[in-house]
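**Q** Sharing a structure below in structure tokens format, with a few things to ask.
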């Protein structure tokens, strides 16, 4: 029995006031529909049917390389009509899980509970109880022996409900698990004879009851899981809810957040114990923080690994980089892809490192560019040092061996190797290899011109 997931993503989202299809609007730097697709994979989907309509070119540009079966809904005639477009791709033996591309916070655990609640050859509906159910379809039940809440007999939409039914506060989320054979039969019997003139997917529940099919329900841990976004205000509310949930996960895993409401998590963050994260930090991609790591205010960390006791000082950007034990970067440092700081290495303010290894205990405190370089242990890089790695066509390597002292304002024109223990005088331009323990100075001889007068500004 295969799990066949149908994701409804055909809507334009007029209230978003955007040329972008609604489901492509982002939560945590990832489209809403991508969140849903990822969760579908987590619950073990064997196939995913993506029902699309508006903005097909943009949807396919965003999602096209994934294993999806694209199902066109040329006209938006209701949720039942949307699911019916996927019928040719549903086997009789499938369990069909119906999800929505604009409901991005649905959790794996909730869907697993829904699937577990589905009776054999029956239907499971995800419902939630709301204090104010206005606008939602209501779950209609009748008394049944052995069922405290009663037996589900149907779902009635808001516009079609009686005054009595409007008092019901258990609402339909639209998410359900249905047997494939029966689903296809029920879809073929749908009618649009209702206030909206649409084919309601919810009508299949009354059909299931009439056919004697068992119906059960499950509920999410939080109602926010089943909230959709129809405008940018709701989108922002979902973003805040997502960030609050992710911040809570970090704190439960051992991180101290200076202010949990001022952190942005846009990927997968793994933390050790006693991690300290200051305000306005952004995480993107896959980020790993070891024990006792400190992240300063305003830092941005993208796809990086930070070892135990390391420190990222305020307003530093760390992307595709690794920091070893007790290494530090910043404030205002930039580590680009391929940068690696070994144990106790330090990169200070306004230093940029790209595709370079900084050895154990080595440091570049201020105003330097270190690109395409291998720097040994115990090296001091003076302020203003530049590895000149690009000749206009190709990149070249600079090698600085252990215990080298590089004076301020030094240019190292690659390819070049500086031997162990060498000293480079301030202001030097190094174009040839330097031997071990050599002192190299390439400055022009200093001149003293007595009696020299500064230019005087010409009055106009």
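Residue numbers in this text run from 1 along the chain shown.
In case you wondered, yes, glycine gets a Cβ from its N, Cα and C as well.
Sharing the feature lines straight out of Swiss-Prot:
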ACT_SITE  366  active site, proton acceptor
BINDING   8-11, 22, 73, 78-79, 100-102, 137, 157, 172, 230, 336, 354, 369, 380  UDP-N-acetyl-alpha-D-glucosamine binding site
BINDING   383, 389, 390, 408, 426, 443  acetyl-CoA binding site
REGION    1-232  region 'Pyrophosphorylase'
REGION    233-253  region 'Linker'
REGION    254-460  region 'N-acetyltransferase'
**Q** Taking Cα atoms as reference points, which of the binding-site residues 101, 336, 389, 390, 408 is nearest to the residue listed as 'active site, proton acceptor'?
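**A** The smallest Cα gap between the residue listed as 'active site, proton acceptor' and any of the binding-site residues is with 408.
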**Q** For residue 8 (UDP-N-acetyl-alpha-D-glucosamine binding site), just give me the three-state DSSP call.
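**A** DSSP assigns residue 8 (UDP-N-acetyl-alpha-D-glucosamine binding site) to strand.
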**Q** Does anything in the same chain, at least 6 positions from residue 11 (UDP-N-acetyl-alpha-D-glucosamine binding site), have a Cβ under 8 Å from its Cβ, and if so what?
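**A** Expected: 21, 22, 23, 53, 54, 76, 102.
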**Q** Can you tell which of 8, 383, 426 has the least company, meaning the fewest other C-beta atoms within 10 angstroms of its C-beta, among these binding-site residues?
**A** 426
**Q** Near the Cβ of residue 101 (UDP-N-acetyl-alpha-D-glucosamine binding site), how many other Cβ atoms are there if near means within 10 Å?
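**A** Neighbour count, Cβ to Cβ under the 10 Å cut-off: 26.
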**Q** Find the shortest Cα-Cα separation between residue 408 (acetyl-CoA binding site) and the binding-site residues 8, 78, 157, and name the residue that gives it.
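**A** Nearest by Cα distance to residue 408 (acetyl-CoA binding site): 8.
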**Q** At the level of the C-alpha atoms, what whole-angstrom distance separates residue 101 (UDP-N-acetyl-alpha-D-glucosamine binding site) and residue 389 (acetyl-CoA binding site)?
**A** 47
**Q** With Cβ-Cβ distance below 8 Å and at least 6 positions apart along the chain, what are the contacts of residue 390 (acetyl-CoA binding site)? List them in sequence order.
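**A** Same-chain residues close to residue 390 (acetyl-CoA binding site) (Cβ under 8 Å, separated by 6 or more) are 396.
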**Q** To the nearest whole angstrom, what is the C-alpha distance linking residue 78 (UDP-N-acetyl-alpha-D-glucosamine binding site) and residue 389 (acetyl-CoA binding site)?
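**A** Computed Cα spacing between residue 78 (UDP-N-acetyl-alpha-D-glucosamine binding site) and residue 389 (acetyl-CoA binding site) is 60 Å.
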**Q** If one looks at the chain holding residue 389 (acetyl-CoA binding site), which residues at least 6 apart in sequence have a CB under 8 angstroms from its CB?
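**A** Long-range Cβ contacts: 371, 372, 373, 395, 396, 397, 398, 414.
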**Q** Of the binding-site residues 8, 157, 336, which one sits closest to residue 383 (acetyl-CoA binding site) when you measure Cα to Cα?
**A** 336
**Q** Since the record lists 336, 366, 443 as recorded positions, which of them has the fewest other Cβ atoms within 10 Å of its Cβ?
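**A** Across 336, 366, 443, these recorded positions, the one with fewest Cβ atoms within 10 Å is 443.
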